[in-house]
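Enquirer: Pasting in a structure now, in C-alpha cells, and then I'll have a few things to ask.
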Amino acid sequence: MATTVIGFPRLGEFRELKFSTEAYFRGEISETALLEAAKQLRRKHWNLLKTAGITELPSNDFSHYDTVLDTAFLLNVVPKAVHELDLTDLERYFALARGYQGEKGDVRALPMKKWFNTNYHYIVPKFEKDTQVRLASNKIFDEFAEAQALGFHTRPTLVGPFTFLQLADYEEGTSPADFLESIIAAYQTVFEKLADLGAESLQLEEPILVKDLSAQEKALFLNIYERLLADKKGLAILVQTYFGDVRDVYTDLINLPIDALGLDFIEGKKTLELVSTGFPSDKILYAGIVNGKNIWRNNYEQSLAILEKIPAKTVVLTTSCSLLHVPFSTENEEFEATILQHFAFAVEKLAELRDLDTIVTKGAPDILAKNKALFELERVEKNTDLARRIAGLTEADSTRLPAFAEREVIQAKQLNLPALPTTTIGSFPQTAEVRATRLAFRKGEISAQDYDNFLAQQIDDWIGWQEEVGFDVLVHGEFERNDMVEYFGQNLSGYLFSKNGWVQSYGMRGVKPPIIWSDIYRLQPITVKWSSYAQSQTEKPVKGMLTGPVTILNWSFPREDLSIKESTLQIALAIKEEVLDLEAAGIKIIQIDEAALREKLPLRKSDWYEDYLDWAIPAFRLVHSTVAPDTQIHTHMCYSEFTDIIPAIDSMDADVISFEASRSNLVILDELKAQNFQTQVGPGVYDIHSPRVPANGEIDRTIETILAKVPSHKVWINPDCGLKTRGIKETRESLVRLVEAAKTARRGLQ
Ligand code: GLN
Ligand code: ZN
C-alpha cells in the first residue's frame with residue numbers, strides 16, 4: 001500500500017521557522033536569508049518523510065504564515081489597500097497577515113479565525129468589488145520544482161475552491177457567485193502549470209465538506225467541481241477532507257470524476273458507515289487512520305479492524321488531518337521510556353503508517369504483537385474513588401440553589417456595587433521582568449521567598465493602582481501564572497508537560513498543550529494564597545480567578561482511554577474544591593474562565609448538544625453549584641460567536657459573564673435581548689488584541705450602544721479579555737478611559 005500524510009508541521013523541529021521569521025521582522029536577517037532558512041526546512045522534512053518510508057510526499061503544505069493566506073495570495077484575493085503598497089511579494093504577504101505600518105503606508109491585518117475545531121488560526125481572505133482573481137504567486141509551482149530538483153516527486157496540496165470561497169469574507173454587494181468563473185479558471189491554470197512541471201496529482205483540501213451543508217451550498221460545491229473537473233489537464237485529483245465525515249455529499253463525491261477521495265476515519269463518526277455503502281473501484285481511497293490531532297500511539301489492532309472493513313480496491317494510508325496539529329518528535333522529550341513509549345508525535349506517526357502498511361501487506365506479526373502488548377499494559381492506575389464519585393453524580397450536583405433571580409437580589413445587597421460596575425478579566429501585563437523572575441525561580445536561581453516577595457510587590461502595585469483609578473471589583477493580576485491552563489495542570493495530579501511539544505497556533509506562534517496522562521485530582525489549594533493576599537490589601541472585593549474544566553480540557557491533549565466527558569468531570573471536581581476553598585477564605589466573587597468553551601463546539605449542529613453541550617455545561621455548573629447564594633460566580637468567554645447557543649450559555653448559571661465583543665460590533669446584544677438572556681453581562685468595551693488606546697469618547701459610545709440594548713442593572717463594564725500580552729502604558733491609559741466612561745454613563749443613569 002502507498003502511504004502519505006496530508007501535511008507536515010511547518011515550524012521545524014526546534015521552531016526554526018519562527019525564530020528566523022521573527023529575526024526577519026526585527027530586521028536582523030534579510031528576506032533572502034529567511035527564504036533560504038525555509039528552503040532548508042522543507043528539504044529536511046521531505047527527507048524525513050522519505051527516510052521514514054512514506055511513499056507519497058506532499059508539497060506546498062509548507063507556509064510562511066498560513067495556507068489559506070497562501071491560497072488568497074495565489075489567487076490574487078488581496079485587498080486593494082495592500083495591493084497598492086509598494087512592497088516586495090513577501091512584505092505584501094506579511095502585510096496581509098499582520099498589517100503594515102511604515103513609510104509606505106498604513107493597512108490593517110486581515111482577521112484571523114480558528115481553523116475548524118482546532119486551535120490553529122487561519123487568515124480570512126476578503127473579496128472586494130474590484131478583486132481580480134488570477135494566478136499571482138508561484139509558491140506552489142516553485143515548491144514542486146524545488147522538491148523535484150532535490151529528487152522528491154511530490155503531490156502538491158492546495159486549499160480547494162469550495163472551502164476557500166466558503167471561508168472568505170465578501171465586501172457588501174459581492175458574493176461567491178461573482179468570482180466563480182474566475183476561480184475555476186484560476187484553478188485550471190494551476191492544473192495546467194503543475195502538469196507542465198511534471199506533477200501527476202494534486203490534493204485539493206475541502207474540509208468544509210464535513211460541516212452541515214445546505215442544499216444551496218451543496219449545489220455550489222457540485223457546480224464548482226463539475227466544471228473544474230471537466231478538464232483536469234491530465235492530473236489525478238485527490239479531494240481531501242478531514243475533521244469529520246462527509247455524510248451530506250458522500251454519494252455525490254464518489255460520483256464525481258475525481259481520482260481519489262481522502263476521508264477521516266478518526267473524527268468522522270460515520271466515515272466507515274459511508275464507505276461500507278460502496279466505494280468505486282476506479283477511485284483511490286486515502287484512509288485517514290493515524291490521528292493527526294492527538295499524541296498517543298496508534299492502536300494497530302483497531303486500525304486494522306477498520307481497514308479490513310473498507311471495501312475500496314486501492315487504499316492509501318494517511319493521517320486523519322495534517323500533522324500540523326501535533327508536535328514534531330518525541331525524540332526531544334525527557335519522559336521516562338515507560339511513558340514515552342505511549343506517545344507518537346509527527347515523526348513517530350510516519351513510522352506508524354509504515355508499520356500498518358507492513359502488517360497489511362506482509363503480515364509482520366512481531367510488529368503487531370509489540371503494539372498489542374503496549375495497549376495491554378496497565379498504563380495508569382485507576383482512581384476508583386474518583387470514578388465512583390463521578391458515577392454517582394446526578395443532575396442535583398450540577399444545580400445551584402436558590403435560582404439566579406433570587407441570588408441576584410441577595411448579591412446586590414451583599415456586594416453593594418454601584419451601577420455599571422467596573423472590573424478587568426484577570427491578568428495584567430506580563431512584563432519582561434515578570435517573565436524573567438518567574439523563569440529565574442523555576443531554574444532555582446532565586447529563592448521561593450524572593451519570588452514570593454516579588455509577586456506580592458506586583459500585586460500591591462496593581463491593587464493600589466486599581467483603587468486609585470476607581471475600579472469596583474479588583475483582580476490580583478495573575479503574575480504567578482505563565483499560562484491559564486498550564487498553571488492549573490501543574491497543580492493537579494494527572495498532567496504531564498512536554499519540553500518541546502509545540503503546535504502552531506497562529507502565525508509563527510506555537511502553544512505547548514499539556515498532556516492528560518492519568519486521572520485528575522487536586523493536589524493542594526492552587527490559587528487561595530495569592531487571592532487571599534490580594535484581598536487582604538484592600539476593602540474592595542477582589543475576584544478569585546480560575547480556569548474552568550471545559551477550557552482546561554480543550555487546551556490539553558486528552559486521553560484516549562477515557563472519555564473527554566469523564567476527564568472533564570474529574571477536572572470539574574478538582575476546580576470545585578478550589579472554588580470552595582476560595583469561598584472559605586472570604587473571596588466573595590469568583591471568576592471561572594471558559595475561554596475555550598465555544599471553540600470545541602462540534603462542527604455539525606446536530607452534534608452540538610448530544611456530543612458536547614449536554615455534558616460540558618453541567619460540568620461547568622458542577623464547579624460552582626454548592627457555593628453560598630451571596631458568592632457571585634463570574635465566567636468569561638473569548639469570542640462573542642455564541643449567538644447560536646445563547647440558551648446554553650445562560651444555563652451555565654453563572655451570575656455574570658464577560659465576553660470579547662468590541663471587534664464584533666456588539667451584534668450579540670440584540671440576540672441576548674431577543675432570547676431573554678438572564679445572566680448579567682460584561683461585553684468587552686476595549687479591544688485588548690491591539691496596542692491601540694481607545695480614542696476619547698470611544699468607550700462612552702460603546703457603553704451607550706450597550707445600554708440601548710441591555711437593562712443597565714445587568715451591565716458590567718470591562719475590557720474584552722485578559723491584559724497579559726499588553727504593555728503597561730497602553731493598558732493603564734486605556735483602563736483609565738474605561739473607568740471614566742463608566743462613571744460618566746453611571747451619572748447619566750440617575
Ligand atoms: N483570566 C484570564 C486572563 O485574564 C482570561 C484569559 C482568556 O480569556 N484567554 O488572562
Ligand atoms: Zn478572553
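Backbone N, Cα and C atoms are what each Cβ position is placed from, and that goes for glycine too.
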Enquirer: Need one residue: from E610, E660, E671, E698, the one TrEMBL lists with H636, C638, C721 for Zn(2+).
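Expert: For Zn(2+), TrEMBL names H636, C638, C721; of E610, E660, E671, E698, the listed one is E660.
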Enquirer: In TrEMBL, the residues I425, G426, S427, D593 are said to bind L-methionine. Which of E376, E478, E480, E539 is said to bind at that same site?
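Expert: So the L-methionine site in TrEMBL includes I425, G426, S427, D593 plus, from the candidates E376, E478, E480, E539, E478.
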Enquirer: Do you know which of W517, W530, W555 TrEMBL groups with R15, E16, L17, K18, K114, N119, E599 in the 5-methyltetrahydropteroyltri-L-glutamate site?
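Expert: For the 5-methyltetrahydropteroyltri-L-glutamate site that includes R15, E16, L17, K18, K114, N119, E599, TrEMBL also lists W555.
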Enquirer: Far apart in sequence but close in space: which same-chain residues, 6 or more away, have a Cβ under 8 Å from E660 (Zn(2+) binding site)?
Expert: M637, C638, Y639, S640, G684, D720, C721
Enquirer: Can you go through the binding-site residues E16, C638, C721 and pick out those with a C-beta less than 6 angstroms from ligand 2?
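Expert: Passing the 6 Å Cβ check against ligand 2: C638, C721.
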Enquirer: If one measures from the C-alpha of N119 (5-methyltetrahydropteroyltri-L-glutamate binding site) to the C-alpha of H689 (active site, proton donor), what distance in angstrom results, rounded to a whole number?
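Expert: N119 (5-methyltetrahydropteroyltri-L-glutamate binding site) and H689 (active site, proton donor) have their Cα atoms 17 Å apart.
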Enquirer: Just checking: which of the binding-site residues N119, I425, H636 have a C-beta under 6 Å from ligand 1?
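Expert: Correct list: I425, H636.
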Enquirer: Can you tell me how far the Cα of H636 (Zn(2+) binding site) sits from the Cα of R15 (5-methyltetrahydropteroyltri-L-glutamate binding site), in Å?
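Expert: Distance between the two Cα atoms comes out at 31 Å.
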Enquirer: Taking only the recorded positions I425, G426, D593, H689, which one has a CA atom nearest to the CA atom of K114 (5-methyltetrahydropteroyltri-L-glutamate binding site)?
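Expert: Result: the closest of the recorded positions to K114 (5-methyltetrahydropteroyltri-L-glutamate binding site) is H689.
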Enquirer: Compile a sequence-ordered list of residues in the same chain as R15 (5-methyltetrahydropteroyltri-L-glutamate binding site), six or more apart from it, whose Cβ lies below 8 A from its Cβ; state 'none' when nothing qualifies.
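Expert: Correct list: W502, M508, G510.
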